[in-house]
Amino acid sequence: MSIISTKYLLQDAQANGYAVPAFNIHNAETIQAILEVCSEMRSPVILAGTPGTFKHIALEEIYALCSAYSTTYNMPLALHLDHHESLDDIRRKVHAGVRSAMIDGSHFPFAENVKLVKSVVDFCHSQDCSVEAELGRLGGVEDELSVDAESAFLTDPQEAKRFVELTGVDSLAVAIGTAHGLYSKTLKIDFQRLAEIREVVDVPLVLHGASDVPDEFVRRTIELGVTKVNVATELKIAFAGAVKAWFAENPQGNDPRYYMRVGMDAMKEVVRNKINVCGSVNQISA
């Protein structure tokens, strides 16, 4: 087994009407928790790391862990660079073995976003690395990324069509009303906008900010063409909440083999639910 490009996973998902879950990782325990469930449920998976992730644990260490677990669990997996903003940073990580990258130029005007994404696509495609980009701007907070409500805006379908044609990007993250983090007010997803984007864009579509989104809403986006669903905040909350509860019951506890496993088990329940919502159970061939 090996680390593969997300292109192959997403093409199959698009052809067969399901979505591939993309879970953000932070350390060995989070990687292991996610893959234990994906292996059991035979679900394809994308392990996503933000620039902050790779400051906490070196890319080479994460890559080695993922490669080892791919063999242990007998399943291919994709290691994905989430919300990266620099071609030089992506170039270095691709040369180290990563085969999936998101270049986030959504904070730039359209022409500058196109120029940046096209430069990344040209390089990555020469290395069999797939590229995701974002058009529109999600609000909220994820790791070191913070976007206030005034700076957020939704994806225009016709601009999305032009963007994909001009850049050659492999998948497109669309802004349709979700946000990074948890929701402080009523969530309103623009399903009609998503349907209009799907009509004019033929590459796989990506839903960012899927934490705290009702399951039926996520399923509806998949019906309308989303093939990659990103989950981050819910995983961290489950892990941290379980560890806090363990220490509340075991104030003298100090053995990470116990409290880390409690956190992992809580995270696994979130992973299990998201796989079911994505419809990706048994989508890995034996």
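For all residues, glycine too, the Cβ spot is worked out from N, Cα and C.
Per Swiss-Prot, active site, proton donor is recorded for D82, and the stated evidence type is sequence analysis. D82 (active site, proton donor): 27 other CB atoms within 10 A of its CB, across all protein chains.
Annotation source Swiss-Prot lists Zn(2+) binding site at H83, H180, H208. According to its DSSP assignment, H83 (Zn(2+) binding site) is in a strand.
What Swiss-Prot lists as dihydroxyacetone phosphate binding site is G181, G209, A210, S211, N230, V231, A232, T233, and the listing cites sequence analysis. Counting every protein chain shown, the Cβ of V231 (dihydroxyacetone phosphate binding site) has 26 other Cβ atoms within 10 Å. V231 (dihydroxyacetone phosphate binding site) falls within a strand when secondary structure is assigned with DSSP.
Separating the Cα atoms of A210 (dihydroxyacetone phosphate binding site) and H83 (Zn(2+) binding site) is a whole-number distance of 15 Å. Considering only the recorded positions D82, H83, H208, T233 (dihydroxyacetone phosphate binding site) has H208 as its nearest partner by CA-CA distance. A sphere of 10 angstroms centred on the C-beta of H208 (Zn(2+) binding site) encloses 29 other C-beta atoms.
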